[in-house]
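**Q** Once you've had a glance at the structure underneath, I'll fire off some questions.
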Amino acid sequence: SVAVKSLGSSEGLKSEKYMQTTFTWTHVNYEIKGDVAVIRISDPNSKVNTLSLQMQKEMTEVMDEVMGNSAIKSVVLISSKPGCFIAGADINMIQACKSTEEVTRLSQEGQKIFEKIEKSPKPIVAAINGSCLGGGLEFAIACQYRVATKSKKTALGTPEVMLGLLPGAGGTQRLPKMIGLPNAFDMMLTGRNIRADKAKKMGLVHQLVDTLGPGLKSPEERTIEYLEEVAIDCARGIVNKKLALTKEMNMMQKIQDHVMSYSFVQNRIYSTVEKKVLKQTKGLYPAPMKIIECVKAGMEQGPDAGYLAESQNFGKLAMTPESKALVGLYHGQVACKKNRFGVPEKEVKTLAILGAGLIGAGIAQVTVEKSINTILKDITEEALNQGQHQVYKGLNDKTKKKSITSFERDSILSNLTGQLDYSGFEKADMVIEAVFEDLAIKHKVLKEVEAVIPPNCVFASNTAALAIKDIAAASKRPEKVVGMHYFSPVDKMQLLEIITTDKTSKDTTASAVALGLKQGKVVIVVGDGPGFYTTRCLAPMLAEAVRVLQEGVDPKKLDSLTTGFGFPVGAATLADELGIDVAAHMAENLGKAFGSRFGGGNLELLKTMVAKGFKGRKSGKGFYIYQSEPKPKDINPELKEIVESYKMMPNPAVSSDSDVQYRLISRFVNEAVLCLQEGILTNPVEGDIGAVFGLGFPPFLGGPFRFVDNFGADKLVEKMKTFEEVFGNQFTPCQLLLDHAKDPSRKFHN
Amino acid sequence: RAEWAWPVKKTLSKTGVKNIVLVDGVRTPFLQSGTTYADLMPHDLARTALQGLLNRTGIPKDAVDYIIYGTVIQEVKTSNVAREAALGAGFSDRIPAHTVTMACISSNQAMTTAVGMIAAGQCDAVVAGGVEFMSDVPIRHSRKMRKTMLSLNKAKTLGARLALLGSIRPAHLAPELPAVAEFSTEETMGHSADRLAAAFGVSRREQDEYALRSHSLAKRAQDEGLLSDVVGFKVPGKDIVSKDNGIRPSSMEQMAKLKPAFVKPHGTVTAANSSYLTDGASAVLIMSEEKALALGYKPKAYLRDFVYVSQDPKDQLLLGPSYATPKVLERSGLKLADIDVFEFHEAFAGQILSNLKAMDSDWFAKTYMGRTSKVGSPPLDKFNLWGGSLSLGHPFGATGCRLVTTVAHRLKKEGGQYGLVAACAAGGQGHAMVIEAYPQ
């Protein structure tokens with residue numbers, strides 16, 4: 001635009017033209033339909049609308065023009081993008097800010113714009129189709145009336161908390177008044193999306209509009225038009241006083257509202273919510289408490305104090321390392337939802353899965369849900385039956401929750417074929433084996449499968465620890481062999497770790513990534529080696545956990561130390577969930593591969609547990625005892641005796657709670673950095689995503705690499721050296737970590 | 001050459017395919033459910049239609065080879081309603097009968113099944129019909145209650161019985177009502193019709209105007225005595241019924257006052273522009289041409305090509321006619337302009353108008369039907385001129401025969417040669433049939 005400007009200033013005629021183009025809005029425009037102005041928003045540079053600076057500027061100009069036009073009596077605000085109203089504020093805009101004050105100013109500007117909307121003498125109807133999140137929701141709730149489509153894509157929510165932020169444009173002030181304290185806290189503290197029907201029940205929207213099917217235009221296009229037509233009617237209805245702005249309340253709601261108006265009831269709510277938040281966040285996440293603070297300020301001291309608290313806390317939160325880490329994860333997640341290996345030559349239309357165990361059936365479920373023909377094969381009818389039941393149950397639970405109809409469930413299930421033989425494998429585009437973690441068995445099925453599949457079929461191995469090249473050694477076409485490491489439970493865990501060997505072709509990788517993305521996974525692609533990336537990071541930490549147990553720390557204490565650091569699941573519970581036998585197997589394999597660096601705890605402790613049948617949750621006993629009720633669980637009383645026989649004396653110099661936490665975390669982090677150093681990881685982003693989404697690395701730390709950046713490599717190295725003196729090479733910092741420690745300007749993330 | 005002597009419109013007769021004819025068709029008056037028929041049972045209505053057909057045609061009671069009836073909501077006691085009705089109507093008990101169901105095109109299915117049997121040489125004369133009785137529908141106990149009651153039958157001891165009875169909770173007593181809703185999507189048909197009308201941009205006013213047209217045309221046809229397929233019915237204990245009772249031409253103003261029935265508050269489908277719950281039965285006598293002539297009949301029409309179609313039951317539930325029309329015309333080698341008489345089933349005014357718009361859209365034809373161009377919209381001056389389901393009523397299982405008989409009667413009255421029947425049905429299905437006038 002600089003070039004245009006200079007041209008414009010040199011020639012009068014062109015200058016005029018230039019003036020015109022600058023006043024042509026690119027993100028916001030409006031059309032006058034009778035006495036109603038329809039304001040349409042669409043960001044030309046993105047699939048979604050965000051409240052960017054440009055969007056805000058144009059919106060203000062358009063609003064001014066509309067408000068100044070006396071022929072216009074009311075306004076409809078609508079997005080012309082299918083599937084998106086406004087997805088939120090522009091994160092980059094907040095990230096670009098250098099100081100708390102700068103972010104606070106942003107918040108205050110947003111507050112001002114929405115205050116004008118709220119106080120508009122001409123009623124404004126927000127017509128919502130698709131995501132209406134964050135700043136988008138704050139915009140919508142500043143309007144006088146809301147109409148939303150029943151589309152599955154319509155979602156209202158305040159996800160700021162997941163980015164370590166709070167709704168900073170009036171959300172903390174308007175939401176409680178609109179839907180009551182309990183609902184408002186639920187939305188703002190969990191960040192969860194509210195679907196249209198629920199939003200209507202909560203009083204978040206006034207009216208719902210059906211989605212339309214084929215007509216004289218595409219369903220998406222016509223649905224937006226229809227929404228606009230209904231919204232225009234509503235706008236006129238408000239002006240003509242035919243449509244009431246206050247919602248009709250039934251007796252229950254009236255009583256509830258009355259009860260809520262007492263300050264002691266409100267205080268009770270605040271304290272309950274605060275307690276719950278502290279319990280869940282362990283005080284590690286600042287945003288939820290700030291949200292409560294803002295709501296409280298508004299309710300107790302009035303709107304001026306409330307809005308001020310909101311903008312100031314928003315500014316403060318944006319500068320916290322927690323928020324930066326969470327925003328980093330958000331960007332990482334977006335990056336890991338793309339296929340950097342391009343479009344595969346052949347789309348997977350038929351997938352065969354070997355092994356109907358937890359993982360195999362889980363993979364089957366997330367695959368049939370995407371309408372991909374799925375063969376689930378096992379060798380016994382019993383195992384197959386269990387696997388098929390798991391898929392059915394997973395889908396039926398969704399039916400019970402009403403996220404799919406029973407008919408949709410049946411229709412999804414029709415994509416699944418359970419069988420004991422290899423029939424139909426000749427049509428498979430990909431085979432994923434999820435059989436027992438034993439190289440001989442994996443070789444056996446690989447050979448059997450290769451005898452029946454077509455030449456272009458990909459063979460993927462789901463393994464947590466075996467090297468893919470060792471599995472591929474038995475293959476006639478190693479370029480078609482790849483690792484796909486799913487995490488259990490597959491339908492809940494977001495991560496998929498894909499492992500490529502030197503021989504894996506790019507198209508094979510592209511195909512595996514494409515399938516993973518289709519299954520809704522966040523995908524990282526790592527190099528081959530024992531334990532790949534995730535298992536390799538986990539193993540040293542678990543080895544350290546075993547040593548800690550041997551030093552006399554009980555499982556509950558160990559769990560509280562790990563969750564206190566921010567892991568969602570404690571180390572002892574994690575081992576029980578994983579299976580003690582699996583953990584022992586993994587530790588043994590990796591110990592062989594990496595030697596004493598993976599030592600620490602005595603492997604025999606785990607082996608003894610396995611020998612006694614304490615295989616973790618699946619066997620009813622592990623570190624804990626599992627009865628029918630999952631909580632509260634007790635420590636396995638027989639554990640004490642086992643631990644006693646492997647007892648180690650703790651060294652008081654490195655055994656404080658904090659030391660134990662850093663012993664656990666530093667081994668994890670060092671191994672992660674070593675994976676990057678060795679090229680197992682391509683980049684730190686995938687390392688962070690893999691650790692957080694696959695292993696539960698504390699999200700507020702943003703992953704091991706972000707942790708090193710924020711904590712300081714030098715400080716970490718210093719701690720490790722202390723530990724190294726006591727324990728030896730398990731704590732020797734890797735070269736890349738040392739490099740970062742030496743040069744503080746070196747960061748994994750910019 | 002002989003070609004010069006051929007008529008302008010050729011016959012659709014095909015070599016190697018039997019000519020199958022409609023000898024005649026009748027129906028009971030169609031009554032709003034809950035009125036004069038309220039205390040009857042479905043087979044009473046079907047029987048009356050069969051008797052009417054016997055009387056009208058004078059066919060010997062044993063000259064019929066087979067009887068087929070269509071119905072939608074089944075009375076559980078008479079699930080093969082065709083057989084129960086035939087026995088009471090005085091047909092020979094040696095004539096087999098079966099019942100078919102295909103939602104609102106059930107009697108169309110009965111007729112085309114008959115056509116198939118005759119074409120295959122299995123039969124020469126078949127009676128097809130349809131019946132629907134909405135004044136009484138099977139209302140069931142809840143599944144839990146049914147389970148308890150069935151277990152009760154098996155309980156051996158008094159203690160076991162008491163234990164079962166004790167397990168009944170008030171919630172188990174809530175009955176299950178049949179809904180006019182899709183099982184697959186759980187959406188009621190009216191709701192789907194409202195969405196369809198919105199998708200095609202059909203306004204409330206257009207729908208009300210169309211409904212008013214239907215009622216006005218039906219009234220005129222009734223007054224002029226054109227609805228000659230109706231046979232009187234002496235309802236036991238009540239008066240003789242000889243007329244459809246749902247025809248009520250109103251005014252646009254009156255209709256505009258109604259609130260939307262399904263999509264609230266901004267919907268456009270109302271009680272006045274929808275078909276209503278109706279009791280009624282119909283019957284037709286179908287024969288091979290040879291047999292009809294041998295028995296001395298002058299048939300009313302040839303039943304020619306027919307098709308069944310089906311689409312997405314969610315978003316294209318009621319678009320059957322749009323899909324079926326071009327397909328059946330293609331089979332017959334006809335163009336829309338060749339058709340003299342159109343009889344389309346009117347489920348909702350919005351549904352009819354949406355279908356007319358779909359058929360007139362090249363975009364729709366290309367995008368959704370995989371056709372190169374639109375088939376065109378039937379001209380309204382040939383369309384449902386004696387009223388339709390909106391005004392005459394719509395006993396689900398019986399409407400198909402009414403449509404076919406009406407086409408035959410209109411072809412004769414209006415001097416046309418080809419007629420087209422089309423209908424939509426629940427499940428996202430549809431049907432169309434080409435009918436050719438029998439040479440005078």
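Heads up, the Cβ atoms here are built off N, Cα and C, so glycines get one too.
Please treat TrEMBL annotations as automatic predictions, because they have not gone through curation.
Just so it is clear, the model here is predicted, and its values are computed rather than measured.
Straight out of TrEMBL:
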type     : residues  : note
DOMAIN   : B:20-290  : domain 'Thiolase N-terminal'
ACT_SITE : B:Cys104  : active site, acyl-thioester intermediate
DOMAIN   : B:297-436 : domain 'Thiolase C-terminal'
ACT_SITE : B:His394  : active site, proton acceptor
ACT_SITE : B:Cys424  : active site, proton acceptor
**Q** Given the residue listed as 'active site, acyl-thioester intermediate' and B:Cys424 (active site, proton acceptor), what distance in Å do their CA atoms have, once rounded to a whole number?
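**A** Between the Cα atoms of the residue listed as 'active site, acyl-thioester intermediate' and B:Cys424 (active site, proton acceptor), the distance comes to 7 Å.
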**Q** Per DSSP, what is the helix/strand/coil residue tally across the domain 'Thiolase C-terminal' (B:297-436)?
**A** 61 helix, 35 strand, 44 coil
**Q** Between B:His394 (active site, proton acceptor) and B:Cys424 (active site, proton acceptor), what C-alpha distance do you get in Å?
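**A** Pair distance, Cα basis, whole Å: 12 Å.
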**Q** Mind telling me which of the active-site residues B:Cys104, B:Cys424 has the densest Cβ neighbourhood, counting other Cβ atoms within 10 Å?
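**A** Highest number of other Cβ atoms within 10 Å: B:Cys424.
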**Q** Quick one: mean pLDDT on the domain 'Thiolase C-terminal' (B:297-436)?
**A** 97
**Q** Quick one: give me the count of other CB atoms within 10 A of the CB of B:His394 (active site, proton acceptor).
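**A** I get 26 for this one.
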**Q** Does DSSP give B:Cys104 (active site, acyl-thioester intermediate) helix, strand or coil?
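**A** The residue in question, B:Cys104 (active site, acyl-thioester intermediate), is strand (DSSP, three-state).
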